[in-house]
Each structure stands twice: as C-alpha cells, then as structure tokens.
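Below is one structure, written out as structure tokens; comments come after it.
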Amino acid sequence: MRPWTGSWRWIMLILFAWGTLLFYIGGHLVRDNDHPDHSSRELSKILAKLERLKQQNEDLRRMAESLRIPEGPIDQGPAIGRVRVLEEQLVKAKEQIENYKKQTRNGLGKDHEILRRRIENGAKELWFFLQSELKKLKNLEGNELQRHADEFLLDLGHHERSIMTDLYYLSQTDGAGDWREKEAKDLTELVQRRITYLQNPKDCSKAKKLVCNINKGCGYGCQLHHVVYCFMIAYGTQRTLILESQNWRYATGGWETVFRPVSETCTDRSGISTGHWSGEVKDKNVQVVELPIVDSLHPRPPYLPLAVPEDLADRLVRVHGDPAVWWVSQFVKYLIRPQPWLEKEIEEATKKLGFKHPVIGVHVRRTDKVGTEAAFHPIEEYMVHVEEHFQLLARRMQVDKKRVYLATDDPSLLKEAKTKYPNYEFISDNSISWSAGLHNRYTENSLRGVILDIHFLSQADFLVCTFSSQVCRVAYEIMQTLHPDASANFHSLDDIYYFGGQNAHNQIAIYAHQPRTADEIPMEPGDIIGVAGNHWDGYSKGVNRKLGRTGLYPSYKVREKIETVKYPTYPEAEK
C-alpha cells in the first residue's frame, strides 16, 4: 500500500463534503426567494461569496489532482509540502463557510444596518430642517432674508453631503466594494477578449469586413465617436472593423502612428464583393461593407447606443449606474491604446505638470461651440461645483490641496482662474490651450494636446464640464474604464450624456405626477418618457409617449429604461 493513499482518500472525502455543503447553501438561497424583503444588494453579496467559494473549490480540486502519486519510487518531500498547503486551504475554506452560514442566519451585516439607519435618519432630519427653515423665511424681509437664505443653503449642503457620504460607505460595506471591483474587471476582460477575437481573424481574405473612414468633417472627439459607432456596428454584425485613416487631418500617417492598430492580422479591405451599407440582412452575402456617417445611416440597426448586450445587461445593471455609457467606453478603451511614444509623452506630462490626487477636472469650451451648440458659461459656474465636490471628498479623504486640472481652448482663462481662486492649485498647460484654437486645431501638436487633456480629465476624481462638448464626453467615457462605477462622477452645466446619432433615450415613470403649471406634463407609473434633457433644478424635460405631450416633470419620479439588444456573444473568444 502506498503511503499517500490514506491522505488522498481523506482529501477527496473533504472535497465531497464541501461540495455537498455548497449544494445545501444553494438550496437555501432558492428557498429564501419566498422572502422578498431581502435587498438586491445583499443578494449580490451572497452570490459573489458563493462564486468565490466555487472558485476555491476548483482550486482545491486542482491541487488535490496534483497530489496523485505515480507508480514507482516516491519523492515524499514536495508531496508533503503540497499536502500542508492543501490543509491550510481547507481550514480557511471551512472558516469562510462558517462565516457565510452565520451571515445567512443572522441577516445583514452590522455595518450595513448601521449605515442604512443613519441614511434613513439623515433623510428624516433633512425634511424636518427644510420645513422649519422655509417657515422662518416667510417672516423675514430685506437683508435678514438674504442672510438667512445664505445660511439655509449652507446648512442644506452639509445635510446633503452627510447623506452622500453615508451612501458611499454603504456601497462599500460587507464586501460589496470588493465584489463590484471584481465584477467590473471580469466584465471588462470578457468584452475586450470578444473584441480582440473579432478584430483578429485567422484568415483575413475570408473574413467579413466593415470599412470605416475616419475623416468625418469634425474635431478629434467627434471623429473618435464616429469610429466607435462604426465599431459597434461591426461588433453587432460580426464583421472585422477596417479603419481607413491615411491622410487623417490630425496625423497624415494615420491612426496607427498614434494608437495601436485596431487589428494585428487584418487591415486589408479587399474581398470578393463590396457594397455600401443597406442593412444587416441585405448585406449578409456581401464580404466588404462600407459604412456611412451615422447621420446618413439607413436602415438603422439595433446596435446603436444607448442599447447594451442582452447577455450582459443584468450584470451591468448591478455593477454600473449607466450601462449604456459603460458599453460605449469598452470600444473607446480598445481604440485608444497608445503607441509607446504617446505612453511616454503621457508619463512625462504627468510629472511635469505635477498631476496628483485629489484633483477635479474642469473642461471649458469657448471657441466654436459657443453661440451655436452651447451657451457661454463663466468660470464661476464651474467652480461652484468644484468647491461642492471638494467638500464632499474631504469627508472621505485627506484633501491637502484643492487641485483643479483645467482644460480649455481659451488661453486667457488660466490667469483669470488663478486670480479669482487663489486658494486652488490649477494644473494646466497653456500651450495646449493655444493649440486648441481654431487656426491650429488640425495639427499633430493639437492632437497631442487634446489627447493629453482628455487623459488628465478622465483621471480626475470628478469632472465638471459641458456634455455638449465631445471632448468632455470622451473623458467621461474613459473614466468609466478606470473605476468599477464612475457614472456619478460628473456635473454637466448643460446636456445630459448622449451619443451623437443614438436611438431614443427613454425613461419609465415610477411615480404619478399631476401638473401644477402649464409647463408640466402628467405621468402615471409605467409611462414611457422620451427625455430631452435635465434642467439640473429637480426637473427634466421630455415627452410622455403615451399622451404625446411635451413638458417638464420631476426627475426623481422616473428611472432609466435599459434597452437591450441580442448582440453576438463570440463563444470562440473563450477557447
């Protein structure tokens, strides 16, 4: 009898018992569905812990397999070490299972409940405070009224920041933060594998292709979004994206001189048949399809924003506050992988500018947008939100300096900002502002500048800008790839987030609303509201699609309608 036979049987017995326990726990999860008062957050936490236990079970199985001793002479030294490691893993696993059993018996964690009650109490106290202060305002006049109103807003800000801070800590308690980090990472890696598979066919001569020309008549942010739109259609129709970028107005050498190629194996647009876009079904037998700009796209496929893949939707809703933005960001992430020289430029600029956290990014667009697509906004409008967020950050971290990364196409703004706000440290490169002017915009130096601005804006802890600007929206999209959920890390002075050429942006009414003025629209729960914009005053504007009426409605009375599309899942990417 070999000396390890007993150990092997013992290991297998424990693994079998552990597997049985996992099955038992799973059964309890199913039975617990009869109790709807369990929050979705707690369910997410339990599922994440179960996933970790399953992974450890698989790790132990592999370790046990490695302990099989071949016939013949046995070297006992390494085997003894492996058994000890296995024993330690089993002890840890047993502790985790016991902790899990305690949590399922005892309900939510202590920290979770303490924070939940604190938020509940904070909301009640805020209501008491509002009632009391507004009653006082009725009896005040002149300077006394102004003074009391200012103090009222100051105290109101403290209340709001207290609740927001507690909500942040609630989102991190009981392992929820760790789960969100892992889930976001797993989803990103999954999508990037699928894109990489699509973009690198084994035989380019036989691959179906979608051709996209980068030279749309607009600036860098707009052109990048044009390529993203092409990429999403290519992904949905299972075609390799061929990006034509020679004689690019920003860099005559093309996209690949700045960013990594979109494919390592297939950059040739040739094929046995070529045609212009006429719809996914009609183009089925055409090998090479040329895509127009989104403004001229007809028929429109379902793959346009703000739709997300059906197979990922449930996971995305759990992990991210704006799944549509996250989905767009995955294509941006793949496209802007820098060439080594650009990577070096970014590193050197980071050191030269002294870019460090905490820092808030501010983007001020002053040239071609103002007067046409956007209104003029003075620096004071931006800095109100900068100061508010620094006060919020100060409740969670040490704010040694209030740093602001200022990106603008107005070279005079940096001096103005430093003069008006001496207590802030403004980080900015005025040479980028000069290169962003209309006369210098389409040069390689200008391209370098806008790429650096977008990089630093995306790296900030919070973003204040106008979403009417493509640069601001690109920075916000990239920000989503750097955090599990950065959907709330912005304030736009004008538009809500949108993607040029997107399909309708709809919301669903969750509370009834009866208009109090002629500007408002009625709503009933379940009504579909086509949102036009948020006025950032508690009201949004949109159309009640059931009634055909357009007007204002309270923003809190609706939720986002998540649009899903049956995208291909590319199972070959997992092989």
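If you go along the chain as it appears here, the first residue is 1 and each next one adds 1.
Glycine residues also receive a Cβ, built from the backbone N, Cα and C atoms like all the rest.
What Swiss-Prot lists as topological domain 'Cytoplasmic' is 1-9.
Per Swiss-Prot, the feature domain 'GT23' maps to 206-493.
Long-range Cβ contacts of Ser278 (phosphoserine) within its own chain (separation 6+, distance under 8 Å): Pro299. What Swiss-Prot lists as phosphoserine is Ser278, and the listing cites similarity to another entry.
The motif 'SH3-binding' annotation in Swiss-Prot covers 299-305 and is backed by sequence analysis. Counting residues 6+ beyond its ends, the motif 'SH3-binding' (299-305) has Cβ neighbours under 8 Å at 229, 232-233, 235-237, 278-280, 324, 327-328, 499, 501-503, 565, 567 in the same chain.
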I'd like to know the mean pLDDT over the motif 'SH3-binding' (299-305).
97
